[in-house]
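Trainee: My structure is below; once you've seen it, I'll send some questions.
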Ligand code: S3P
C-alpha cells in the first residue's frame, strides 16, 4: 500500500493515539499468567499485540472481546493452566512477543516452537536464549540458539544474577518473567535503565519486584492477581504527531492521555532541548503508569547531541527525531545507539537512505546518526523497508517537504499505529 502526502498544511486540534504497544503486550501476558479476569481498556489492536494474543490463545489462554467499547478481557487461571501448543507459535514482526514469550515458555514444563516473519527471523535472540539457558531452559535454534525458529523445552528454572550487556527491556522482561516462574531469586542488571513497564505491571498485579539503580530483582513462585488495566496512549506513536506539529508552521496539537513514564519520555526532553514548544499537563496515574496530555506548537528547532542513558528512553523515536534534526538549525548527533541496527530494520541505514531522498545531509555513524539541518526538504518516493517507524517518520518528513511524498509499503504502519493516516487527516487544516 502506498501512502501519499501533499504538504504543507498546518496541523491543528486534539487527538488520542492508540494504546501503548509495550504495555498492551504486557497486559495480555500478565493477564494470562494471573488468576482471574483482566479487563483491558484501550488495548492496542495493532498487528504486534494481536500476535501476542494469538500465541497466548495457542497456549490455552482464553480471551473475550474486544467488545463494542474496545475492551479485551483475559481469563487467567495461573501459569499452571497454560499448556503445550499444538502448532508453531507465530510472533509475526514482533520482537517483544518473541522475547517476552521466550521468558514465559522457558518456565513452563512443555515443548514449544516460536517463529516470526523474515525480519524477526533475522533479529538476535541469543541475548534472551543465552541467559534463559543458564537458568535451565533447553532452547535450540539456528546460530546456536540466536535465530528463530526457536524450539524450547521449558521447566525447572533456577533464579540467577545476570548482567545484560545491552539496556533492553525485552531482555530484562524475559528474565523477570522467567524469574517469576523459577525457584529462588533472579536479578537483572543493565548498563542503563530501560523501560520499566514489566516491573510496574508485575507490582500492579501484586508481585514484589525491587529495583536498586539499574538492577531489578524478583523472587519466583509469586502468584499474580488479575486487575483491570487501562492502557495509556503510546508516546512512541504520539512522537510522530509531536514532531509533525513542531516542524510544520502554524501547527498546534494536543494529544490526550499519553503515557509519560520517565523511562519513555526522552523524546519530550530532547525536543524541548531543541527549542520545541511543548507543554505536559493533566498528569495523573492509571494502572500504575503516569499519563498526561501533551500540547505541541510549531517553533524553530536547533540540533543537539543525544547520547548515553538518554538513548534507551527514546530508542524507538530516533527515526522521527532525525526528521526533526533535518528541519532544525545546526547539527543533530545521535550516538550510543548501535541497537538501532537490530530493530525491525537497520534503522541507522534505513533512516539515512530514506532521508537522503528528501535532500537531507545525513551521515551514518557506527552507533548513530549525524544530521546537518536547515536545508529545505523536497518530497520523495520512499520505501518503508517493512518497518512501521520508518514509514511514519518519512510521512512526517513528507509533511514538512515541498512537493509530493509517497511512502511505499505503508501497510506496516498497522504494527503499532492503526489509523495513523486518518488521525493525520483529521488534524490537517486547509
Ligand atoms: C520494547 C523494548 C525496546 C523497544 C521495543 C519495545 C518492549 O526494545 O525498542 O519497540 O516492549 O520491551 P529492546 O528491549 O530490544 O531495546
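Our numbering is plain: 1 for the first residue shown, then up by one each step along the chain.
Even glycines carry a Cβ here, placed using N, Cα and C.
Caution: TrEMBL annotation is automatic and unverified by curators.
Feature table excerpt (TrEMBL):
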| type | residues | note |
| --- | --- | --- |
| DOMAIN | 6-421 | domain 'Enolpyruvate transferase' |
| BINDING | 21, 22, 26, 168, 170, 316, 343 | 3-phosphoshikimate binding site |
| BINDING | 21, 95, 123, 170, 347, 389 | phosphoenolpyruvate binding site |
| ACT_SITE | 316 | active site, proton acceptor |
Trainee: Among 123, 170, 389, please name the binding-site residues whose Cβ is nearer than 6 Å to ligand 1.
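Mentor: Going through 123, 170, 389 in sequence order, those close to ligand 1 turn out to be 170.
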Trainee: Please determine which of the binding-site residues listed here (343, 389) has the lowest count of neighbouring CB atoms within 10 Å.
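Mentor: Sparsest of the binding-site residues 343, 389 by Cβ contacts within 10 Å: 343.
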Trainee: Residue 316 (3-phosphoshikimate binding site) has how many other Cβ neighbours within 10 Å of its own Cβ?
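Mentor: Other Cβ atoms within 10 Å of residue 316 (3-phosphoshikimate binding site): 25.
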Trainee: To see if you understand the setup: which same-chain residues, six or more apart in sequence, place their Cβ under 8 Å from that of residue 170 (3-phosphoshikimate binding site)?
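Mentor: Same-chain residues close to residue 170 (3-phosphoshikimate binding site) (Cβ under 8 Å, separated by 6 or more) are 95, 96, 99, 100, 128.
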Trainee: Among 21, 95, 123, 170, 347, 389, the annotated phosphoenolpyruvate contacts, find the widest CA pair distance and round it to a whole Å.
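Mentor: Those residues reach a largest Cα separation of 19 Å.
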Trainee: Among the binding-site residues 21, 26, 123, 347, point out the residue whose Cβ has the most other Cβ atoms within 10 Å, with all shown protein chains included in the count.
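Mentor: The most densely surrounded of these binding-site residues is 26.
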Trainee: Spatially, and counting Cα to Cα, which of the binding-site residues is closest to residue 347 (phosphoenolpyruvate binding site)? Options: 21, 22, 26, 168.
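Mentor: Closest candidate to residue 347 (phosphoenolpyruvate binding site), judged by Cα separation, is 168.
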Trainee: Just counting, how many other CB atoms are there within 10 A of the CB of residue 22 (3-phosphoshikimate binding site)?
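Mentor: By my count, 29.
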Trainee: State the mean pLDDT for the domain 'Enolpyruvate transferase' (6-421).
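Mentor: That region's mean pLDDT is 97.
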Trainee: Long-range neighbours only, meaning 6 or more apart in sequence with Cβ under 8 Å: which ones does residue 168 (3-phosphoshikimate binding site) have?
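Mentor: The answer is 127, 190, 194, 312, 339.
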Trainee: Can you see whether DSSP assigns residue 343 (3-phosphoshikimate binding site) to helix, strand or coil?
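Mentor: Assignment for residue 343 (3-phosphoshikimate binding site) reads coil.
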Trainee: Hey, does DSSP put residue 168 (3-phosphoshikimate binding site) in a helix, a strand, or just coil?
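Mentor: DSSP assigns residue 168 (3-phosphoshikimate binding site) to coil.
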Trainee: Looking at the binding-site residues 21, 26, 316, whose Cα is closest in space to that of residue 123 (phosphoenolpyruvate binding site)?
Mentor: 316
